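The structure appears right after this line, and notes come after that.
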Amino acid sequence: MLLKRRIGLLLSMVGVFMLLAGCSSVKEPITADSPHFWDKYVVYPLSELITYVAKLTGDNYGLSIILVTILIRLLILPLMIKQLRSSKAMQALQPEMQKLKEKYSSKDQKTQQKLQQETMALFQKHGVNPLAGCFPILIQMPILIGFYHAIMRTQAISEHSFLWFDLGEKDPYYILPIVAGVATFVQQKLMMAGNAQQNPQMAMMLWIMPIMIIVFAINFPAALSLYWVVGNLFMIAQTFLIKGPDIKKNPEPQKAGGKKK
C-alpha cells in the first residue's frame, strides 16, 4: 500500500513536470524571448550556463556539457544523500514490516486497515517518513528535465563537435549509447547492492533501464548521450562513496522469498 502511494505520488509529479516541459517542443531553439514559464526560468538559464562555460573552455561545448553536468550533480548531491539515507532507514525496517505482513496476512479490509495502522506506528516509533525518499527526487526532476531541454534546444551545441562525434548528430560508432547503457546498469547494481531483499520489479528494472537508455541514446544527438554517460559515471562514484560499506558487507542482494544460506 505504501509503495503504491509512493509510486502514485512520483507518477503524479512526473506528469506535472512533463506537462510543463511539454508546453514547448525540444525542436524549438531556446532564446531569451521564449514565452513559456518553463523555458524562461528553467531551460534558458541552463542553456546560458552551458554557453558561458563553453566560452570559458575555448568554445568547447562538449567539455561544457561535461562540466555543467558534474556541477549540477554536485549541487543536487545533498538531495541524493538524503534520499539514500531514507531508503536505508526503510530497508532496516523491512524485517519488522515483513513480520507485520505475515501477522496480518488476511486480505479483508479490517485486517488490512490494522496492518496499515501498525505499519504507520512502526514508522513513527523509529522516526521514519515513508515519503521522505520521494521529495528529493521531485526536487531533482525539474532540474534534470530542464538540463535535457537545454542541451537539445541550445542551437550552438548542434554546430560543434567533440572527440569523434558531432554533438548535434547521432554517435556514428554507437560508443556513447553502449557506455551509457553499461553505466546505467552498473549504477543500478550498486544502488541495489547491500539490500537484504530484492523484489522482482527491481530485478526487472535492472535490465530494462539500460536497454531503454541504449535505444534512446542511439536515436538522439550525441550531446544528450554524452550527458547520460557523464551523469551515470558521476552517480556510480557517488553511490560507491555513500554506500561503500554496505556494498562490501553484502555485495549480492538476496531475492525476496529466497532461502537463507
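Just so you know, glycine gets a Cβ as well, placed from its N, Cα and C.
Among the ranges 99-119, 225-245, the one that Swiss-Prot lists as transmembrane segment is 225-245.
In terms of C-beta pairs under 8 Å, the stretch of 174-194, 204-224, 225-245 lying closest in packing to the transmembrane segment (61-81) is 225-245.
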